[in-house]
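To start, the structure itself, in structure tokens.
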């Protein structure tokens with residue numbers, strides 16, 4: 001029994017000596033944990049550096065906020081809007097005028113499809129508080145839509161937009177508001193805003209510094225959620241559109257703006273009433289710029305800031321019935 005205990009003790013002693021010897025040997029070997037330790041130390045150092053930076057920022061006096069340009073220093077946005085008499089005309093012009101009133105340094109060119117000014121439009125302009133020019137020109141009978149024809153059969157607003165361009169070029173014709181066109185060399189941008197669309201005021205600041213022709217998406221148009229230029233590396237390389245994508249400029253009237261100096265330098269640039277369907281925009285833009293030189297706006301054409309939201313034509317069956325009975329609405333009340 002004594003021998004066995006002695007043997008056990010001897011084995012235990014030898015194993016202990018071997019373990020101690022192995023530990024001493026390992027002390028001189030490289031440790032696999034060193035990369036992890038170094039990473040942890042570097043992370044702590046970066047955190048300490050960030051804390052020091054934040055403490056320095058807190059001690060630094062607040063920066064003086066950048067002052068926005070004075071309105072007088074901004075290029076003027078000339079908004080050209082054709083309009084015609086209909087039941088919803090006033091409602092749509094009120095909506096548009098109140099959007100435009102939010103935009104500084106804006107001049108509204110409202111052009112009636114009429115032989116002369118109407119009291120409704122004249123009164124609305126006077127009450128709008130906007131800087132405006134009131135123009136009027138009647139669409140020739142041959143260009144007018146016939147009863148029952150869909151709106152896309154003939155281009156609309158051609159004569160009215162061209163009359164506004166003529167005024168900008170110093171050819172007169174104003175019947176109300178500001179009658180003098182901008183002097184030569186004035187900075188500005190021209191935008192064609194129909195009265196039945198919906199506009200974000202952000203859109204007008206996007207277009208304000210246009211150098212040539214700027215472009216952006218338009219929502220709810222062309223049978224799509226939106227139509228838009230396609231942009232790559234900050235340049236327009238194509239167009240997202242479903243209908244006749246081979247047009248020279250497959251863009252909507254609400255989807256571009258033109259620098260005023262460029263328009264004035266191209267006196268022949270105007271809309272062509274004889275342009276094929278969908279080519280009205282191209283008939284103007286082809287005189288002004290190459291598609292590759294278009295200037296994408298609205299975060300490289302990834303934000304929709306204008307929508308086609310045509311107001312539904314009101315149904316007047318009850319009104320017509322009351323009129324036959326001699327009890328119709330008072331026509332002296334402007335709607």
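A Cβ is built for glycine as well, from the same backbone N, Cα and C atoms used for every other residue.
Keep in mind the model is a prediction, meaning the values are calculated, not measured.
Feature transmembrane segment, per TrEMBL, maps to range 7-25 of the set 7-25, 26-44. In this structure the alpha carbons, written CA, of residue 194 (UDP-alpha-D-glucuronate binding site) and residue 318 (site 'Interaction with galactose moiety of substrate glycoprotein') are 30 Å apart. The candidate set comprises the recorded positions 196, 227. Of these, 227 has the most other Cβ atoms within 10 Å. Each residue of the region 'Disordered' (313-335) gets a DSSP state, and the totals for helix, strand and coil are 8 helix, 0 strand, 15 coil. In sequence order, 111, 113, 156, 157, 160, 161, 194, 195 make up the list of same-chain residues 6 or more apart from residue 82 (UDP-alpha-D-glucuronate binding site) whose Cβ falls under 8 Å from its Cβ. Ranking the recorded positions 227, 281, 300 by Cα distance from residue 309 (UDP-alpha-D-glucuronate binding site) puts 227 first. Long-range C-beta contacts of residue 318 (site 'Interaction with galactose moiety of substrate glycoprotein'), restricted to its own chain and to partners at least six residues apart, with a cutoff below 8 Å, are absent. In this structure, the CA atom of residue 196 (UDP-alpha-D-glucuronate binding site) is 17 Å away from the CA atom of residue 227 (site 'Interaction with galactose moiety of substrate glycoprotein').
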